[in-house]
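Undergrad: Here's a structure for you.
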Amino acid sequence: MMQRSWQSWRRGLTLGLASRRSYVASVEAPSTPPEELDAFERDYLKQRIEITPFQKLLLGAGSSIASLLDPHRHDMIACLGETTGESALWNILDSMQATEEGRRILKDKPRINTKTIDFKRLEALPPNTFGATYAKFLKDNKVTPDSRMEVRFLEDPKLAYIMTRYRECHDLVHAALDMPTNMLCEVAVKWVEALNTGLPMCYGAAVFGAVRLRPRQRREYLKRYLPWAIENGKGMRPLMPIYWEQRWEQNIHELRCELGIKPLQ
């Protein structure tokens, strides 16, 4: 009954939001003059869905409930990240602007997908490089960088890019941490990301994801994975200012040492 009620509520809200797409063009212009916007920002403002504070509250509450009922609802998890993460995204923006590498990312706005990355080149790199490690991670876990949801609800295009960057770098973080995509490792990675980025969505996924672990997994999680994730999340360098695409040929062990990543014992 609760599932049916949620689906009905979501359909109504989605229709209401979709009807507002035409409104986006008529809202007041962004603080940055249109001619000064880059390609990502222009494209984002065309597809952004404008929402009121009340709709944002409803989306945040509804998506959190839906994510708890079904952790595989990636659309709801993405929605939760956008409606609850604005403050953390501003902090991430500050951390990226504070480093030369982070500023280059904000200027270039690179994207990570099969159209922008030459994966055959990565596969041909020596096996001890970060690029080869990432390519092997994707192949071993049968995942693709093209599966990430587009950002829709954030008002500021700068924050929209940072959220996009976070999503597209998630698998890179998995590879750097040497964590596959099973439930236990996914929860551990979410703890690392939560402590490293401050995104509320990551905290929620880490806490409630752990609840769904099987008894044997939970014992292993509490004994090894959680302490490891907390130590790394607190001790690592900020990950969002890392220009991963310019580190494909870097030795993976040297990269982990540079970032402060400690291996799982």
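Positions of Cβ are set from backbone N, Cα and C atoms, glycine also.
For 1-30, the entry in Swiss-Prot reads transit peptide. Per Swiss-Prot, the feature Zn(2+) binding site maps to HIS170, ASP171, HIS174, GLU186; the stated evidence is sequence analysis.
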Undergrad: Other than HIS170, ASP171, HIS174, GLU186, which residues of the same chain sit close to Zn(2+)? List them in sequence order, counting a residue when its Cβ is within 8 Å of the Cβ centroid of the site.
TA: VAL143, LEU172, VAL173, ALA175, MET179, THR181, VAL189
Undergrad: Counting Cβ atoms within 10 Å of each candidate's own Cβ, which of the binding-site residues ASP171, GLU186 comes out highest?
TA: ASP171
Undergrad: Looking only at HIS170, HIS174, which of these binding-site residues has the biggest number of Cβ atoms within 10 Å around its Cβ?
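TA: Per the Cβ count, the most surrounded site is HIS174.
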